[in-house]
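According to TrEMBL, the protein has these features:
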type: BINDING; residues: A:Lys112, A:Lys147, A:Glu178, A:Glu179, A:Phe180, A:Val181, A:Glu186, A:Asn265, A:Glu266; note: ATP binding site
type: DOMAIN; residues: A:116-295; note: domain 'ATP-grasp'
2 protein chains.
Amino acid sequence: MVERSERIKPWGVTLGIVGGGQLGKMLSQSASKLGFEVVALDPSPSCPVSSFCKELIVGSLMDEEKIFEVARKSDVVTYEIEHVNTEALKKLEDNGYPVYPQPHILELIKDKFRQRNFLRTKGFPVPDFRELDVSEIRQLRPPFVQKARYGGYDGRGVVVVKSPEDFSKLLECPSYVEEFVDIEKEISVVVVRSVRGEVAVYPVVEMVFKEGANILEMLVSPAELPEEIEMSARELAVSIVDELDGVGVFAIEMFVSKDGKLLINEIAPRVHNSGHHTIESCLTSQFEQHVRAITGLPLGSTEQILPAAMVNLLGEPGYKGKPILLGVEEVLKIPGVNVHFYGKKETRPYRKMGHVTIVGRNVDEVRRIARFVSETLKVIGDERI
Amino acid sequence: MVERSERIKPWGVTLGIVGGGQLGKMLSQSASKLGFEVVALDPSPSCPVSSFCKELIVGSLMDEEKIFEVARKSDVVTYEIEHVNTEALKKLEDNGYPVYPQPHILELIKDKFRQRNFLRTKGFPVPDFRELDVSEIRQLRPPFVQKARYGGYDGRGVVVVKSPEDFSKLLECPSYVEEFVDIEKEISVVVVRSVRGEVAVYPVVEMVFKEGANILEMLVSPAELPEEIEMSARELAVSIVDELDGVGVFAIEMFVSKDGKLLINEIAPRVHNSGHHTIESCLTSQFEQHVRAITGLPLGSTEQILPAAMVNLLGEPGYKGKPILLGVEEVLKIPGVNVHFYGKKETRPYRKMGHVTIVGRNVDEVRRIARFVSETLKVIGDERI
């Protein structure tokens with residue numbers, strides 16, 4: 001696989017990032033640590049990456065010409081969001097331009113039904129599923145889960161049907177149904193694979209949901225799984241990225257069922273929420289790993305040095321406008337608390353405005369502090385809605 | 001002291017930084033983590049901070065008007081280098097504009113003879129010293145040390161006279177002489193003090209010099225001092241910053257003499273080389289602490305979570321032009337190695353081009369890896385001189 005890395009200059013690389021959100025900002029910070037430069041594309045001139053790049057190209061992530069402009073101005077292109085013009089990226093790939101993760105993988109992953117088929121065909125364990133149209137879905141006996149083929153994220157595009165009353169919530173878009181899995185834990189494994197084929201994997205992260213709701217409460221690492229499940233999850237995640245021949249950071253979300261089985265839920269072809277804690281808790285962050293992986297550098301160690309929990313900082317419902325952070329005093333006082341505020345100019349209900357990583361002596365401590373942070377730190381706006 | 005912090009907005013601060021070098025870049029990265037914005041002043045449009053700020057004002061650090069422009073565009077001003085127009089900063093201070101560390105402290109510290117007098121007058125232990133002109137210095141019996149009053153740094157402005165042959169090296173500038181101290185170790189203590197008067201102090205760092213030369217080889221933290229010397233050094237450092245009523249990060253360099261005494265060498269009124277390792281090895285970095293301190297936020301924990309060593313990456317003699325980094329492959333492979341490359345466009349002999357922080361299980365390990373990194377990683381340029 002050396003031919004791929006030969007395109008990359010050995011040092012002083014300019015990274016092109018399609019998307020200028022928080023993931024782009026954190027990628028840019030890792031690039032800058034290494035002295036690399038960043039050119040980014042985003043529709044908003046004041047997006048989080050705007051003050052942290054050599055050049056921000058303002059334009060739609062669907063605009064082929066703008067994506068080509070990013071490529072012309074950089075040595076290697078990556079993206080920080082799936083909702084981009086995949087065709088444009090594929091044209092670059094077809095012309096031998098380095099784009100990582102490779103656009104044909106992004107295309108596969110964006111269609112969650114194709115993604116599932118790929119996983120099942122290759123022998124990876126997935127929940128049982130099949131494609132049905134909505135009229136057929138109405139004939140099914142609950143419980144089951146309906147999932148949108150395209151565009152779902154952060155719990156959107158997923159309908160859990162537990163009883164016939166839930167039929168009213170069914171999505172009208174292209175979708176598939178999957179068996180209702182009795183879940184013990186939801187977990188995520190962040191894997192990084194370089195242009196050279198070198199692979200590194202982080203300890204498994206537990207995604208903790210609010211009691212009885214489909215809302216993420218916090219992420220905790222390590223996940224405190226039995227040793228053999230931890231190892232199996234890591235091996236599974238690595239096998240998937242190897243099977244994809246993927247380059248860059250990937251997050252593999254899985255279910256641990258009540259009967260102790262691992263089932264792949266979905267793949268994210270990019271740096272991921274479940275890897276944010278690595279900035280503070282691991283020897284090398286997921287962001288630096290992504291930069292190293294796609295520029296042909298050796299990967300760093302994924303060793304975790306402190307237990308960590310991460311909570312997202314979402315815009316409070318009822319507010320919009322200029323963000324105001326409440327409770328920051330109480331939170332910043334606590335040892336091991338890291339407030340990341342993305343610098344978005346406008347808040348909206350449930351918009352991701354920042355995140356907080358807590359590192360500490362043990363998992364119980366970081367869970368406790370994370371809960372306090374969730375209750376204390378609030379992003380409101382200067383306008384009521 | 002609440003009146004000082006009242007000027008500062010509670011969140012969403014714009015930081016003005018006079019100087020756009022690597023310290024400005026790392027300050028900017030900490031500011032951006034918190035969602036704050038940065039306006040910087042530097043003579044070079046492509047300085048390290050140029051891609052990591054909302055606005056770079058291009059101009060001399062001596063230009064009063066440009067410094068006032070930084071102040072107009074920001075909520076609080078700081079500086080990352082001593083060689084700035086102190087008079088301009090003092091005018092801002094006199095008009096009640098928040099500038100930290102306070103310019104009258106910078107003025108005191110810039111004149112190393114006045115700094116020494118201040119320390120001695122306040123009862124802090126310093127090597128014996130006095131002001132003499134060069135003709136008088138020539139009458140002295142070696143060994144002694146001559147130090148320039150103004151502008152010395154990184155070993156420049158210091159002449160160690162061990163025998164009459166060294167008289168030829170004497171500086172012709174305003175200077176003072178100090179007793180030759182038989183040094184066991186040179187150490188540095190980084191202290192941070194906020195607008196509220198809250199104080200935090202980092203573990204003592206050992207500055208390791210090359211055998212028989214006045215060239216810094218590496219910094220190691222913790223310094224492995226006897227407990228009572230460690231504690232005395234920290235207390236001394238805090239007392240000095242308290243006595244100055246200083247706000248921001250300060251580094252206090254000291255000698256540990258062969259007979260176990262602590263003597264203050266000098267004060268740096270800014271984030272410092274001896275605190276770079278805190279990015280990776282401590283719960284809160286010196287850069288984030290500085291941002292917190294001057295914007296009225298609570299300070300973070302200075303707890304060190306892993307032993308660390310830091311080596312500077314200097315331009316190799318014999319080269320100039322576009323920097324090329326040699327040996328980066330071998331170095332990045334090692335767990336716990338963090339390469340910071342500042343992004344300067346031109347290398348010059350001995351120019352600070354980056355630094356490498358090594359974290360590891362114990363001090364011996366990080367020292368060993370730091371030595372390997374020094375021998376392996378070289379910055380050359382694309383032109384020979």
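Cβ coordinates are placed from backbone N, Cα and C, and glycine is handled just like the others.
All TrEMBL annotations are machine predictions without curation.
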Check your understanding: Along the domain 'ATP-grasp' (A:116-295), what average pLDDT does this model show?
Key -> 94
Exercise for review: Starting from the Cβ of A:Lys112 (ATP binding site), draw a 10 Å sphere and report how many other Cβ atoms land inside it.
Suggested key: 25
Check your understanding: Including all protein chains shown, what's the count of other C-beta atoms within 10 A of the C-beta of A:Glu178 (ATP binding site)?
Key -> 20
Review point. By the DSSP assignment reduced to helix, strand and coil, which category contains A:Lys112 (ATP binding site)?
Key: helix
Check your understanding: In sequence order, which residues at least six apart in the same chain have a CB under 8 Å from the CB of A:Phe180 (ATP binding site)?
Key -> A:Pro142, A:Pro143, A:Phe144, A:Val145, A:Val160, A:Val161, A:Lys162
Review point. What three-state class does DSSP give A:Phe180 (ATP binding site)?
Key: coil
Practice item. Could you tell me which three-state DSSP class A:Glu266 (ATP binding site) falls into? Key: strand
